[in-house]
Amino acid sequence: MLSTLQPPRYSLSRFPLHLPSKPFFFHSKQTPLSSPYPIANATLTDQIATSASSPSLHSQILSIRHSLLSRQFTATQLAESYLNRLRALEPHLKSFLHVSDSVLSDGREIDDKILRNEELGPLAGVLVGVKDNICTAGMPSTGGSRILDGYRPPFDATAVRRIKELGGIVVGKTNLDEFGMGSTTEASAFQVTANPWDLKRVPGGSSGGSASAVSARQCVVSLGSDTGGSVRQPASFCGVVGLKPTYGRVSRFGLMAYASSLDVIGCLGTTVADAGILLHAISGHDTLDATSSKREVHDFTSQFTAVDSLESKPLKGLRIGLIRETLDNGVDGKVSSAIRAAASHLEELGCSINEVSLPSFSLGLPAYYILASSESSSNLARYDGVRYGNQAIADELTGLYQNSRATGFGSEVKMRILMGTYALSAGYYDAYYKRAQQVRTIIQKSFKAALDEYDILISPAAPSAAYKIGEKVNDPLAMYAGDIMTVNVNLAGLPALVLPCGFVRDGSSDLPVGLQMIGAAFDEVRVIYPIAQHVGSFEKYRDG
């Protein structure tokens, strides 16, 4: 059962971090990685990782709360421990574009509340990384672009505000591909983030900084954005849990728009439980976002189950469809093997698995890039040096626009703007944009038909494990092809969870592989806690 997966007992005295020999509930073989980089003052973060392995907690967030309330350590001590680790690793990883200078003072405020016996929010003391295209008051929010270099918004995105209201501490802003357009962080205007499993490899993108930071324990959890897989693909590459909610589940207010009909804010953590808690914290209707849903938000925090309370076949009755097209040509054979091994293990846990065909699956990639590029060309028109963005020097208005955009935008953003403008231009709109929308409708219908028959659909999160930095930078089509497993989910607006399911050997490195689990719209509960849908009630499993 996903809600009972025990997080690993990480050894935080060295870097990179080690995933468990059996990551979460899937069988796999792992060769520990080693590194010469020492980590100072990791005692408390090590203690959190260890105590989170308790069947009664199975969550770093819950472990932190328990430890603060029992006075095992203070929020200030915990914040200082994470900051020390973050700073020690940052020269090698480059996960963050900015680190908050108020982390320790925020920790002291929580400690003062504890001393006054005031009620603590469910995220009290939890250090959260925030992707730099999500606005945070008083901190730089650049979207990874030079055109917004130095911009500090006067407001928090709704997701950030809700985290702060529940006691969470924003530790800093994480690196990303410029405006979310990329799969590696190599399109960032500021730096390239490294994968904690192998510093010569990409962490994925565009939320690569958020995934890398969680994987390396520079923060407890993080926020990312997912337009075509930007939370799930880096989660797979970095061996962490990535959760993309249903479109509309989380407010997009304060998220810098890339493709408005596809963008969602997602969650990254080391366990499914932590991702679920964070999702619950940021979900819900928002009057500032007309696309946010008024649907009920399930309280995931009341649905955790102790491992020792489960029966031998906890997933009995669960129907899972393995998408046949995701294991065809173009997918690394080792990745396919890891996914099939994970499927076999799910069968051992009691569920039934059958292959299901989605013939329209291959159509999603070209449709996605037409739609996303078209919407981005419209959304990014506002960054002209007059309405938004840094202003270049020019003698007349047209030159000001041209110079501001030419110097502010990177090559990837310029290319996608040109692609989108072309697709929307007179004479090509029907041939490209309109047809892509028709394909989107076909994809939505095919997913609905499959999810009427199956509870969950599974696939790889990416066709390969993490590749080397620079390997695909000059081949954008090959890089775009890496999104083939994830873009269809965004086109259909569905929720999806990615979690580690094994490792593949590449040279001297053992690299994580992620399994993607797709559910019906607004049915995150079934994706995160599938057993709950088959016992009729969570009460039997509550509190172990």
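From the backbone N, Cα and C atoms, a Cβ is placed for every residue, glycine too.
TrEMBL: automatically predicted annotations, no manual curation.
From a predicted model like this one, the values you see are computed outputs, not experimental measurements.
Residues or ranges marked as domain 'Amidase' in TrEMBL: 78-527. TrEMBL lists Lys131, Ser206 with the feature active site, charge relay system. The active site, acyl-ester intermediate feature in TrEMBL is assigned to Ser230.
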Lys131 (active site, charge relay system) sits from Ser230 (active site, acyl-ester intermediate) (Cα to Cα, rounded, in Å) at a distance of 11
May I ask for the distance between Lys131 (active site, charge relay system) and Ser206 (active site, charge relay system), taken between their Cα atoms and rounded to an integer number of Å? 9
One finds that other Cβ atoms within 10 Å of the Cβ of Lys131 (active site, charge relay system) number exactly 32
To what whole number does the mean pLDDT across the domain 'Amidase' (78-527) round? 95
Mind giving me a neighbour count for Ser206 (active site, charge relay system)? Other Cβ atoms within 10 Å of its Cβ, every protein chain shown. 34
Quick one: give me the count of other CB atoms within 10 A of the CB of Ser230 (active site, acyl-ester intermediate). 35
